[in-house]
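Peer 1: Before I ask anything, let me first share the structure, which is written out below as structure tokens.
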Amino acid sequence: MRNGTTITEFILLGFPDIQGLQIPLFIVIFFIYILTLAGNGLIIAIVWVEPRLQIPMYFFLCNLSFLEIWYTTTVIPKLLETFVVARTAICIPCCLLQAFFHFFLGTTEFFILTVMSFDRYLAICKPLRYPTIMTTNLCLQLALSAWVVGFTIVFCQMLLLIQLSFCGNNVINHFYCDVGPILKAACSDTSILELLGLLATVLVIPGSLFFTMISYIYILSTILQIPSATGRQKTFSTCASHLTVVSLLYGAVLFMYLRPTTHSSFKINKVVSVLNTILTPLLNPFIYTIRNKEVKAALRKAMACPKTHHPQ
């Protein structure tokens, strides 16, 4: 037990080194946030109303878009506040709640992407059996499992975290409530929580990456066996969007976790966190629609619908 005054709130520093750029950054990030909500919301709406898109691949994409909407919403409003308020305070229950949803949704995203890679594996490597294997029930079970496992992993740690009392430094050098600074402010021993966090990280990130890589090894092996170049390109295009998103997400996460921890590297990690929290959810709708003829056709159809109903 450490001596010190019990704290009731945390202070989020955000980015204190960007004096003079707060308002421009506020405008840019707010605009990105609106685009993220609109883009991901549009994907959900298009899949919902277009029968041709109501297949497993787009069902999982809707899960990803829904997740991205709330993932950014847990962080961006408070980040925007750090740009316009001199002292960004957040109560301890609010901070713990933000940390829970941030890591719950982030963990679930890894599992959703893994499920999507499994779906692409079945579609490309076992096309004849795909309709009988990837049934509606299996889609629901896989998606629900991703959400439940993500929730369980983070909730178990949160049950221990909410029992801590805090009496240390209440300043969090980040733009959201990261678990590391929260544990440093705890009065009691946090070794069990740190161990659980390490085990969860190893289970989620390398574990999901391993299964995703296995799926893509089989996918690439199958694609290389296709005799025509046109056939190979057409088949690869069905999983190129997912592979791009996987590369962005795992690239950013591995960059943060595999580098040695220094003062300068922490600043870089904060910037990478911004890219991972803000830009990746924004890019996902564009990545999945730019090269996807089915989604673009559904968008054109949706935009043309109002024009087809003229008064007689």
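Placement of Cβ uses the backbone N, Cα and C atoms for every residue, glycine included.
The transmembrane segment annotation in TrEMBL covers 21-49, 55-72, 84-104, 140-166, 198-219, 240-259, 271-290. The domain 'G-protein coupled receptors family 1 profile' annotation in TrEMBL covers 39-288.
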Peer 1: Excluding the flanking five residues on each side, which residues at least 6 beyond the ends of the transmembrane segment (271-290) place their CB within less than 8 Å of a CB in that stretch?
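Peer 2: Same-chain contacts beyond the flanks: 29, 32-33, 35-36, 39-40, 42-43, 61, 64-65, 68-69, 71-72, 75-76, 79, 174-176, 241, 244-245, 248-249, 252-253, 255-256, 296, 299.
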Peer 1: What average pLDDT is reported by the model for the domain 'G-protein coupled receptors family 1 profile' (39-288)?
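Peer 2: When the pLDDT values over the domain 'G-protein coupled receptors family 1 profile' (39-288) are averaged, the result is 88.
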Peer 1: Between the transmembrane segment (55-72) and the stretches 84-104, 140-166, 198-219, 240-259, work out which stretch tops the count of Cβ pairs under 8 Å.
Peer 2: 140-166
Peer 1: Which residues, given as numbers and ranges, are at least 6 beyond the ends of the transmembrane segment (140-166) yet have a Cβ under 8 Å from it?
Peer 2: 6-7, 59-60, 63, 92, 96, 99-100, 103-105, 107-112, 114-115, 118-119, 179, 182-183, 185-188, 190, 192-193, 196-197, 200, 203-204
Peer 1: Apart from its near flanks, which chain residues at least 6 from the ends of the transmembrane segment (84-104) lie with a Cβ under 8 angstroms of it?
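Peer 2: Result: 7-14, 22-23, 26, 70-71, 74-75, 78, 150-151, 154-155, 158, 161-162, 166, 172, 176-179, 182.
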Peer 1: Six or more residues beyond either end and a Cβ under 8 Å away: which residues meet both conditions relative to the transmembrane segment (198-219)?
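Peer 2: Sequence-remote neighbours of the transmembrane segment (198-219) are 107, 110-111, 113-114, 117-118, 120-121, 124-125, 153-154, 157, 239, 243, 246, 250, 253-254, 257.
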Peer 1: Checking distant contacts: for the transmembrane segment (240-259), what same-chain residues at least six beyond its ends satisfy Cβ-Cβ under 8 A?
Peer 2: 64, 109-110, 113, 116-117, 120, 201, 205, 209, 212, 216, 265, 268-269, 272-273, 275-276, 280, 283-284, 287-288, 291-292
